[in-house]
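Scroll down for the structure; my scribbles are underneath it.
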Ligand SMILES: Nc1ncnc2c1ncn2[C@@H]1O[C@H](COP(=O)(O)OP(=O)(O)O)[C@@H](O)[C@H]1O
Ligand SMILES: O=P(O)(O)OC[C@H]1O[C@](O)(COP(=O)(O)O)[C@@H](O)[C@@H]1O
Ligand SMILES: [Mg+2]
């Protein structure tokens, strides 16, 4: 279905349940910061919108693929969607000395961030997200805000910086001084006391790894959490966590909306694995890659100094091999990088053993970086998989590090009668338990401030993050419906293969059947489609 000419398409979160859309249709009033909608559907709201070039925009309502110069705004919910009479106030930042010289203090609702920044000349305009930043109007009086912050899931460098900057952002920019820390992850809402957070309390925390609020897996009970939010009179909830946490945040938002509460729910994506979709990269990733260099360097120094040295460094990456790939690309000392997305095999032509043998002959040593999630199906054939899960329901992985070390040692001892000097390094927790580096600290600050501006402006049920370097408000479902993984058909993986000259393992029968972005690897070879990015 097509909307009228001269319109933009505002698409609400695609996976919102019927209850959400029902309440939109029955109670939605146009937020005062937006023009009046002229079309509503289950998953889309259309508002008059003229493109920046001021030419009419055509839009589609039923598919994600826009036609012609189709413009799609995947919008985030606003509190006025279900609280139409919510009063707004001038943003206190208008009196801020710091912002006084900024050309445009407030982000106009017209500004959006494109999901794709490399497009063909004649391609449609495509999907956009709201640009993050302070808005002219806010929907909370500063002295009526009671905010809380919670951290969930695994650790990641920079969590404390995000906590610090949410507290300081709320306090310095908006004059909010009622901020609570929820201890120990989601279950902390209903099983622990809260911690009072002030700029003074959080002043130094960015210099420490971990999270001062502590974290946990499991324990998400939406009703108990929202009961607690209501009981404590909390009206802004900042949730720092990965894909699992963001799914939990979406449920909290839905419940808040169902109960008609004036509560802004802001998700701040955290993952050491960089597996969160849509955003450019996750905070702490840069720090983790940098720290991984130390382990790789140690492995290299060790194996270089002995005969037939084989160094193995295991890095994190459950389903996504980004840390391993970037650490390898950065290091130049790595001979081979194994990631979950690229199946490998050991024996025979084109296999890992053959490659190691060759490198040992050439250089006398070899360094292998392996992501923890690599080769899981392959190892499962060799080892008894237990099918165990962690408290959040994440599958527990078979430990590839010791398995691979043993296989290599056995092979060279038995087949080549050759003693291998194996140096196995497992720095996994070391790289995520450290404080964030300078660039991640700045990134964390921007994330935290974007979240604060979004919540104060009345947006709710959103995630913040950079999309093509510009911070945006993204519907939570967009960052949870898929996982970000290394695309073997993208140029970055090709760059890695070119730099290490490692086998591509494409001869692997199993691998060639394995689907990569909808194509088998054989298709990829036949189409020679290693392109993009
Ligand atoms: N599908 C889900 N729905 C609701 N809550 C979830 C979901 N998946 C995970 N959670 C909750 O989110 C928190 C963190 O999840 P986890 O998967 O451990 O880490 P991460 O958020 O870093 O991926 C846990 O408290 C867990 O109970
Ligand atoms: O031992 P823990 O704390 O469960 O963490 C291990 C896992 O955490 C991760 O760092 C990812 O954690 P998140 O899903 O919380 O981001 C994985 O790389 C790793 O498998
Ligand atoms: Mg996760």
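The backbone N, Cα and C atoms fix where each Cβ goes, glycine too.
Curation does not apply to TrEMBL; its annotations are automatic.
The candidate list 154, 309, 311 contains one residue that TrEMBL assigns to the ATP site with 217, 218, 242, 243, 244, 245, namely 154. The annotation in TrEMBL ties 271, 272, 273, 316, 317, 318, 429, 430, 431, 432 to substrate, and of the candidates under consideration, 144, 165, 183, 372, the one tied to the same site is 372. When the binding-site residues 218, 242, 243 are screened for a Cα within 10 A of the Cα of residue 432 (substrate binding site), none qualifies.
Taking the centre of the Cβ atoms of 154, 217, 218, 242, 243, 244, 245 as the ATP site, the nearby residues of that chain (Cβ within 8 Å, site residues left out) are 152, 153, 241, 248, 392, 394.
If you take the CA of residue 243 (ATP binding site) and look 10 A around it, you hit none of the binding-site residues from 317, 372, 430.
Among the binding-site residues 243, 273, the residue whose Cβ has the fewest other Cβ atoms within 10 Å is 243. Residues near residue 317 (substrate binding site) in space but far in sequence (CB under 8 A, at least 6 apart, same chain), listed by position: 273, 323, 324, 339, 340, 371, 372, 373, 374.
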